Structures are given as C-alpha cells and as structure tokens.
Amino acid sequence: DEHGVDPTGTYHGDSDLQLERINVYYNEATGGRYVPRAILMDLEPGTMDSVRAGPFGQLFRPDNFVFGQTGAGNNWAKGHYTEGAELIDSVLDVVRKEAESCDCLQGFQITHSLGGGTGSGMGTLLISKIREEYPDRVMLTFSVCPSPKVSDTVVEPYNATLSVHQLVENADEVMVLDNEALYDICFRTLKLTTPTYGDLNHLVCACMSGVTSCLRFPGQLNSDLRKLAVNLIPFPRLHFFMIGFAPLTSRGSQQYRALTVPELTQQQFDAKNMMCAADPRHGRYLTASCMFRGRMSTKEVDEQMLNVQNKNSSYFVEWIPNNIKSSVCDIPPKGLKMSACFIGNSTAIQEMFKRIGEQFTAMFRRKAFLHWYTGEGMDEMEFTEAESNMNDLVSEYQQYQDATAEEEGEYDEDEDDEGGDYA
C-alpha cells in the first residue's frame, strides 16, 4: 500500500518517492512486476493455501512458500528438532537465493509466535541457522508471546520459555507483541466491538512499517535496524522491546485530536498503547526510540524528547543520560499527516517473562506433558536450562532497574556474573 503496489505486484503509485527505495523490500521481476522479498514457511499446508487464496496470494513468489505436510502440533520439539529440521534446508536454500540477490544485506526480519510449535520451534531453528550463516547481519524478530488470560494451548509456557532461551542468544532485537494487548488496544482505543485478527495484524503492520520507514523513504534524521540496535541495547542480553504506535484513534473521535508532535509523543508513551502485556510504569526505561513520520521540525521533536525525560525522570534510569533516540522520516503513512512509532527497552518487560516462567514452573514441577517433548528426543536438562536462563534474564532486568548511578563502581568487577549474585 505504502509503495503503491497492488495485489498483483504492479505499481500504481503517484510519487517517485514510492519507487526510489522500493528495492529494500521488493525485487523487480519481468514486466515491471514487484515481488516482495518474503519467505513464508510452515509445517502444514493449510495456512499457505489460505494465503494463496487471499487477496495478496498472487503477490508472493510461489517458490518462496516452503511448507511441510505434518504440522508441529504445538510441540516445540517437533518444530525445532524433528519435523522442522527436515524442512529447514529447503527454507535455507530460499533464504540464500534471496540474500544473494541483495546488494547490501542489512538483516532479517522474522515474524513468528512463541506459543505454538512451528513459529516457536522452527522459527528459533531458522534464526540460529541464519545466525550461523550470516553472523554479522541484524536479526530482528516480531514475536507474539502467549497472553496472560487468553491461551490457545496448554503447553504455551513450555514453547515460549524454550524459544526465549534461543532468542536471548541468537536474535539482535526482539519486538515483543501480545494478542491480548492488541485486543485491548482495538477494544479500548479504537472502539472496535469485535476485533478480528485482521485488525490486530493492522496494528502490528503499522509498527513494522514505522520501524522500517527510514529504510524505505527519505528523511531528515535517518535510522536503520543497526542504529536501532546500537541505541537501544545497553547490555547484549537485554534486547526485548515493547512497541507502540500513535496516532491510534477510533473512527469517530479522529476530528477531536490534533496531530502535533507533543500529542504524538504523549500518546506513544502511554501505557495503554504498548503492544505487549507489560506496564512500563512498573519498571524503568533503559532506552527508547521514537520514529516520527511526516512533515515536522526536528527541533520540535528534540524538544519533546527532552521534555518527556525531564518530566518523567523517575521512569528512566539515571545512569544512561538522554536515552531516547529519535528519527524523523519525511513521508507519513497513507492517510495520515504524521505518525510516530515507539520502541522502548523497559525493565517492565520482566513481568511478562516472570509470568511465563511461573506458568512454566507450575507445569514442569509435575513434569506435565513432558513426554511429548522427550519423545521427540529432547532432554529434561534443556527445560531446566531454558528455565534458569529466563530467570537470569528477569533478575538482570531487575538489577538494572534498581541500579543507581552511584553504585556503578562497586559492580564493575563482577559484571561477568550475568547478574546472578545480587539480583
């Protein structure tokens, strides 16, 4: 939509800016047809069939649909070790093919869920394989975590914990999403009575588009995935971000709000706008990044960022001064004058890991459902490792939430302990 490409891949836009960097996400095929550089993989054919039958079915390259026949049955071990491992080579072939057609490959964007078997098990397998082959490229994931109240399957805590274990090691940036938080935004802010998955996806799209807008359109203050990582990750393991988007308004109340930089700033820092089930008011921001789109002055953006930090200084750790990065892209999304996308690295994300960890422990103590995983060749040790890795992550977040600028000196010598001793 933003680039003026219709569902058959033909360009129908009205501005050269749409085409200027269209190659970031599209390959140009014969007859001026634009093909997205996307690979779709699953362990069962059903989802692919529905994509093919959907409105954008003709857009994707048929070779880039890679699927198995069996399905992972919500089993992480099947996705990561047995079924997924059989399919992964054919996926990697397609990845190589796509990577070779890039002039300057910056990184990979992966969208997957952490609750099921394929997205979590095979998704993390793909991430680790890509990591082996392209160690210096940015690995950005959009990971849909199990929601606190809504649960599709009973083994979600297992799959999610095993996945987080992998994401801590192999991903560079993880944008944490959560269906329930997305539902709440649709329900409360957008006033939709019965939100569909389409509505939820629309919110995620707005964010994905915001994160990558600077790669695709010219701007005054550019940013890319690598700059994002450099500015948002103070310690390599703490790369789980919450994302938000502004302006989100219901259809009826649009004309009551002004689209100004202060208004956008206020809305994107609003806790109700976060797309994952963690409340930033319960923690502190280590860093944050605001990506504005539209015609606005960079001076105004900088003033607002300073303003936020001065007024809410207790919500930002004091040992990282000016920890909000901002970028400005000139072209707003379709149908809006200006918009903003927010990415925050907040210690409050530990709430989510804590919650999953508690659910994990409750089941793992009784070895519930474990035979499904051991039957695929997994070892109980892996579960224990994943559990302790997640607990370490939580205590690291807690440690940096409590750390003050004065205490830094005492901690320097035992930094290597991964925050285990004084959590």
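Note: Cβ is positioned from N, Cα and C throughout, glycine not excepted.
These numbers come from a predicted model, not from an experiment.
Matching Glu44, Glu86, Glu263 to the GTP binding residues that Swiss-Prot gives (Ser113, Gly117, Thr118, Gly119, Asn179, Asn201) identifies Glu44.
For Glu44 (Mg(2+) binding site) paired with Thr118 (GTP binding site), the C-alpha to C-alpha distance reads 9 Å. If you take the C-beta of Ser113 (GTP binding site) and look for same-chain residues 6 or more apart in sequence within under 8 angstroms, you find Gly119, Ser120, Gly123, Ser143, Val144, Cys145. A count of other CB atoms within 10 A of each Cβ picks out Asn179 as the most crowded of the binding-site residues Asn179, Asn201.
Set side by side, the binding-site residues Gly117, Gly119 differ in how many other CB atoms lie within 10 angstroms of their CB, and the most is found at Gly117.
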